[in-house]
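A.B. asks: Input: one structure, supplied below.
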Number of protein chains: 2
Amino acid sequence: MPTLRLALCQVNPSVGDLAGNAELVRSWSRRAADAGAQLVAFPEMVLTGYPVEDLVFRRSFVAASRAALDRLAGDLAADGLGDLPVVVGYLDADGPPQIAADAEPGRGARNAAALLHRGAAVATYFKHHLPNYGVFDEDRYFVPGDELTVVRVGGVDVTLTICEDLWQAGGPFAAARQAGVGLVVNINGSPYELNKDDIRLPLVRRRAVEAGATIAYVNMTGGQDELVFEGDSMIVGADGGLLARAPQFVEHLLVHDLELPGATGDGVGDGEELTDGLRVVRRTVDTLPAAPTGPAATGGTIEPVADEAEVWHALVLGLRDYVNKNRFPSVVLGLSGGIDSAVVAALAVDALGPSRVVGVSLPSQHSSEHSRADAADLATRTGLDYRVEPIQPMVDTFLANMSLSGVAVENLQARVRGVILMALSNQEGHLVLTTGNKSELAVGYSTLYGDSVGGYNPVKDVWKTLIWRLAKWRNVDAVRRGETPPIPENSIGKPPSAELSPGQLDSDTLPDYDVLDPILIGYVDGDLGREGLVASGHDPAVVDKVLRMVDTAEYKRRQAAPGTKISMKAFGRDRRLPVTNRWREDG
Amino acid sequence: MPTLRLALCQVNPSVGDLAGNAELVRSWSRRAADAGAQLVAFPEMVLTGYPVEDLVFRRSFVAASRAALDRLAGDLAADGLGDLPVVVGYLDADGPPQIAADAEPGRGARNAAALLHRGAAVATYFKHHLPNYGVFDEDRYFVPGDELTVVRVGGVDVTLTICEDLWQAGGPFAAARQAGVGLVVNINGSPYELNKDDIRLPLVRRRAVEAGATIAYVNMTGGQDELVFEGDSMIVGADGGLLARAPQFVEHLLVHDLELPGATGDGVGDGEELTDGLRVVRRTVDTLPAAPTGPAATGGTIEPVADEAEVWHALVLGLRDYVNKNRFPSVVLGLSGGIDSAVVAALAVDALGPSRVVGVSLPSQHSSEHSRADAADLATRTGLDYRVEPIQPMVDTFLANMSLSGVAVENLQARVRGVILMALSNQEGHLVLTTGNKSELAVGYSTLYGDSVGGYNPVKDVWKTLIWRLAKWRNVDAVRRGETPPIPENSIGKPPSAELSPGQLDSDTLPDYDVLDPILIGYVDGDLGREGLVASGHDPAVVDKVLRMVDTAEYKRRQAAPGTKISMKAFGRDRRLPVTNRWREDG
């Protein structure tokens with residue numbers, strides 16, 4: 001059996017940064033070559049970043065992606081890496097790119113992979129199964145491919161597949177068995193979800209057995225707006241056995257020697273039609289880097305980590321990349337002394353270091369002594385840049401000039417805090433971090449344009465009970481490493497309060513979080529209705545109260561005002577573009 | 001040829017209000033029966049409202065829609081309307097509805113039409129062509145139907161189709177010709193876009209000729225979050241001739257006598273497969289209301305109106321329905337004396353009457369005399385509830401307690417205004433209206449949580465140059481009707497200014513709007529790139545400046561903070577629910 005040294009490059013591209021992403025491919029290809037690799041694979045749409053959303057409809061962007069691919073092929077050859085086959089994801093489209101003023105929008109775009117060799121793309125593959133659920137809208141963006149691309153590399157038949165091709169049955173993996181390939185390369189932009197890694201490995205094992213081939217699964221890492229990619233790249237043998245697995249949430253070069261079955265030559269031929277209407281397209285790579293000498297390369301495998309560790313690392317990476325890819329020098333957040341802002345501050349310090357994090361205590365007449373002390377304690381523990389900005393003078397001026405009472409006065413305090421944080425942002429350039437957890441967002445327990453202001457919310461998708469678990473885990477982990485636990489025990493232990501009126505507690509308005517969260521999880525995450533929740537054992541009266549709060553809080557979750565659409569391209573409704581986007585028409 | 005009196009009910013349902021929408025069908029069916037109708041059609045998903053978005057995934061909602069349909073059929077019969085065939089749109093799903101805690105999410109949901117007769121649904125049809133572009137995500141939500149439902153009604157073969165079935169070639173309209181039907185009923189939830197009516201009529205004509213059948217096109221009217229439905233229901237003969245057409249933006253009963261070819265009985269039979277894999281399902285309605293006596297009914301046609309009139313009526317309806325369907329008693333907005341707030345105030349007064357509109361002048365030290373005077377003049381002209389809340393005391397208190405300069409001071413003023421409007425909203429229950437136009441949103445010329453606060457923005461999708469045209473049209477229309485023009489000529493004529501610093505003008509920062517808007521329209525609406533815009537004759541330096549502003553303002557258009565997703569159902573990213581939603585699990 002031929003031996004092939006494979007390198008999977010688990011890298012962190014940025015959406016729209018074609019030049020930077022190409023540079024990433026060049027530098028990691030060099031690292032792979034230095035490690036003796038004979039075949040290298042990068043993630044899905046690594047050249048453009050993923051997901052590019054409505055950039056797909058811009059012909060100029062499609063043309064730029066194709067031009068960047070051609071340039072990259074040439075640059076790799078110029079770098080002395082021409083013989084090394086490099087698989088990269090990019091954006092392609094049917095027909096020549098159009099830049100005329102009357103060009104059609106980019107219908108017919110393709111989520112594409114290319115195998116680069118000796119200065120050219122010698123093989124291309126277009127993603128066959130397009131996901132159109134959850135965060136994916138690929139039926140809007142792409143036309144599915146109908147070819148199975150088989151490239152003979154060092155005597156081994158290798159087929160290229162992309163992400164969802166793995167998750168759906170049939171298609172390229174079934175066709176790969178028919179074509180008798182030895183290796184399936186599967187390139188991914190597969191966003192993180194808690195425990196998705198526990199599903200991914202069994203899935204890759206099953207597909208390997210179905211395809212009767214080794215699977216090389218490479219995923220990107222890094223944050224892109226609300227998505228974070230975990231990596232978790234891996235190699236699984238044709239028998240379903242795990243051969244190598246990369247760690248989560250970091251860039252990583254996974255190099256592993258594979259013994260693969262040589263192509264027999266009696267497989268299906270070029271142009272033959274296989275399952276699901278896939279036609280075989282055969283290509284051959286004639287030259288390869290010399291077989292490496294010395295010890296065999298093994299990528300190794302990783303140990304699973306606790307849920308809290310996994311989520312913490314996901315949140316740190318998502319925050320760090322949002323801040324850095326959008327080129328913010330620093331972040332600012334309000335420190336109430338409560339658990340949510342304490343956890344966000346600790347995440348921010350882990351992501352950016354204490355010198356890039358400004359924490360502001362914003363006490364009012366309702367702020368308790370322990371709140372102020374806990375905020376100061378957090379600042380000392382983490383070393384962040386700590387400020388105190390009392391809000392009472394501004395609150396009093398509003399109250400002196402308007403007739404306000406009740407919830408209007410409560411919200412006023414939260415909004416004055418929002419104005420102060422945004423003023424610091426304008427004055428000093430910080431990104432404002434929002435600290436509302438998912439339970440609060442679900443039931444609308446927050447002030448519009450008050451505690452909800454900010455450019456990024458690291459805990460937006462974290463239920464309150466998980467916030468507490470994360471805080472405890474982070475403190476224990478600090479002790480384990482001999483460091484100061486960042487989060488004051490007081491902030492973890494005390495009953496939650498918004499402190500907008502005397503003696504106010506969350507429990508005045510909401511069920512206890514250990515009652516609330518399971519209902520919310522069933523309703524929001526599980527799409528259960530009232531009857532399903534009651535059947536699960538929840539108190540019907542509490543269920544009714546909670547569901548009504550969730551149903552009427554949608555406007556708060558939007559925050560941006562909806563407005564009547566009168567055109568084909570209304571902002572927000574029709575147009576879906578990343579916030580973090582390095583693409584500029586003028587280069 | 002048999003004569004059939006057809007009634008198209010152009011009604012205004014509310015998303016989630018199953019009981020209210022069923023009541024709407026009953027009362028309009030009664031009106032149709034009183035007008036002698038022998039066949040009645042209501043819009044797409046009239047029972048659930050449209051679009052229901054992720055409510056589709058809730059089994060309890062699907063079950064409620066099916067139960068509401070059965071109940072409606074019985075109620076119509078109990079109302080003495082059993083013999084009248086009534087076509088309604090609703091939400092269905094494959095298999096029995098599940099309410100168990102472990103139910104699968106609602107995969108297999110159907111965008112469905114039913115023909116109700118004698119207390120039961122005697123025929124159903126599932127939408128075949130699913131739109132998945134622009135505002136539509138129906139590939140996420142629905143499974144396409146593969147049957148052509150042909151119902152013999154009064155000796156005429158009638159087929160049921162839904163919305164997109166009309167917009168795509170082939171499918172049910174081509175199959176209708178093969179099946180030799182006399183009438184195609186097409187029920188719609190087709191959102192308004194400027195000039196879409198000019199495309200719709202030729203399309204219906206073409207499909208009528210292709211099908212060789214009369215087409216009865218019924219569309220809903222009313223506002224639903226960002227969408228507004230215009231009605232524009234119509235009947236087109238098999239020769240493509242327009243027979244009747246309803247007005248836009250109002251509920252309307254279109255009753256028209258049709259002479260239709262009798263079914264010959266030698267057409268394709270039940271179960272036969274036609275084009276596009278559609279299998280024929282035949283049903284028969286045996287009894288009909290008696291043929292009406294007296295003069296023939298003719299629905300009449302309408303005259304086209306100016307673009308400005310069409311947009312104005314769309315914006316008024318969208319705003320009115322957002323306010324009323326969400327049960328807000330009133331609205332509040334800031335009146336700067338400028339054109340945007342003047343147009344929004346005039347829209348609000350047209351939508352809700354002057355007693356439900358609060359206009360607040362929020363002068364600062366930079367507000368000019370003419371600004372204050374123009375705001376007061378607008379209030380006098382429209383009769384709205386006028387207030388003055390000077391912002392300087394609050395601004396001064398912030399400035400005394402913080403060290404702010406430059407843009408931080410400019411934004412502070414806008415944010416103090418936002419706090420005041422939100423405080424009035426909390427204190428008095430008004431919905432805050434936002435007044436930023438589409439040009440501003442595109443280039444980010446606004447203050448986050450300042451002038452951008454609010455629950456609804458009627459002019460969110462209106463370019464600045466169209467704002468001026470609307471203002472002029474509305475004033476001229478007032479004169480034509482012998483009324484006071486609502487918008488001060490000063491507000492229309494003066495150069496736009498944010499008045500956040502001394503002598504500030506929009507033109508200090510932005511190109512003139514008659515230069516800016518065509519570039520924005522090309523880039524945003526047309527997906528043109530830099531080269532396409534330059535090829536259209538725009539100054540390259542201006543294009544570069546404008547495109548960079550648009551590309552870096554996406555975070556402002558979002559307003560709500562993105563946050564790292566760690567679950568299958570992150571708010572905002574995965575979960576798409578209407579704000580205006582009357583559905584409550586507890587009824």
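Sequential numbering from 1, following the chain as shown.
Including glycine, each Cβ sits where the backbone N, Cα and C put it.
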A.B. asks: Kindly point out which candidate in A:E369, A:E440, A:E585 is recorded by TrEMBL as part of the deamido-NAD(+) site with A:N411, A:K556.
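C.D. replies: Candidate listed by TrEMBL for the same site: A:E440.
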A.B. asks: Say TrEMBL lists A:G334, A:L335, A:S336, A:G337, A:G338, A:I339, A:D340, A:S341 as binding ATP: which of A:T264, A:T434, A:T435 is in the same site, per that record?
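C.D. replies: Record source TrEMBL; matching candidate: A:T435.
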A.B. asks: Would you list the other residues of this chain near L-glutamine - those whose C-beta lies within 8 angstroms of the C-beta centroid of A:Y133, A:S190, A:K196 - in sequence order?
C.D. replies: A:P131, A:G134, A:V135, A:F136, A:W167, A:P191, A:E193
A.B. asks: Please state how far apart, in Å and to a whole number, the two most distant Cα atoms are among A:G334, A:L335, A:S336, A:G337, A:G338, A:I339, A:D340, A:S341, A:T435, the recorded ATP-binding residues.
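C.D. replies: Greatest Cα-Cα span of the listed binding residues: 12 Å.
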A.B. asks: Spatially, which candidate from the recorded positions A:E44, A:K127, A:D340 is nearest to A:K556 (deamido-NAD(+) binding site), comparing Cα atoms?
C.D. replies: A:D340
A.B. asks: Work out how many Å separate A:E44 (active site, proton acceptor) and A:S190 (L-glutamine binding site) at their Cα atoms, rounded off.
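C.D. replies: Approximately 9 Å lies between the Cα of A:E44 (active site, proton acceptor) and that of A:S190 (L-glutamine binding site).
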A.B. asks: Where's the emptiest Cβ shell within 10 Å among the binding-site residues A:G334, A:G338?
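C.D. replies: Taking A:G334, A:G338 as the binding-site residues, the minimal 10 Å Cβ count falls on A:G338.
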A.B. asks: Assuming the binding residues for L-glutamine are exactly those in the record, A:Y133, A:S190, A:K196, what is the maximum CA-CA distance in angstrom, rounded?
C.D. replies: 16
A.B. asks: Measure between the Cα atoms of every pair in A:N411, A:E440, A:K556, the residues the record assigns to deamido-NAD(+), and report the largest value in Å, rounded to a whole number.
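C.D. replies: It comes out at 15 Å between the most distant Cα atoms.
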A.B. asks: Check each residue in the chain of A:K127 (active site, for glutaminase activity) that is at least six apart in sequence and keep those whose C-beta is under 8 Å from its C-beta; list them in sequence order.
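C.D. replies: Non-local contacts for A:K127 (active site, for glutaminase activity): A:E44, A:R110, A:N111, A:A112, A:A113, A:E138, A:F142, A:P144, A:G145, A:T161, A:I162, A:C163, A:E164, A:D165.
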A.B. asks: According to DSSP, does A:K196 (L-glutamine binding site) fall in a helix, a strand, or coil?
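C.D. replies: Once the DSSP labels are grouped into three classes, A:K196 (L-glutamine binding site) ends up as helix.
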A.B. asks: Starting from the ATP site formed by A:G334, A:L335, A:S336, A:G337, A:G338, A:I339, A:D340, A:S341, A:T435, give every other residue of that chain whose CB sits within 8 Å of the mean position of their CB atoms, in sequence order.
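C.D. replies: Other same-chain residues with Cβ inside the cutoff are A:L333, A:A342, A:V344, A:A345, A:A375, A:S491.
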A.B. asks: Checking interface proximity: list the recorded positions among A:E44, A:Y133, A:S190, A:D340, A:N411 whose CB sits under 8 Å from a chain B CB, in sequence order.
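C.D. replies: Among the recorded positions A:E44, A:Y133, A:S190, A:D340, A:N411, the ones whose Cβ sits under 8 Å from a Cβ of chain B are A:Y133, A:N411.
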A.B. asks: I need the nearest neighbour of A:Y133 (L-glutamine binding site) among the binding-site residues A:G334, A:S336, A:D340, using C-alpha distances.
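C.D. replies: Ranked by Cα distance from A:Y133 (L-glutamine binding site), first place goes to A:D340.
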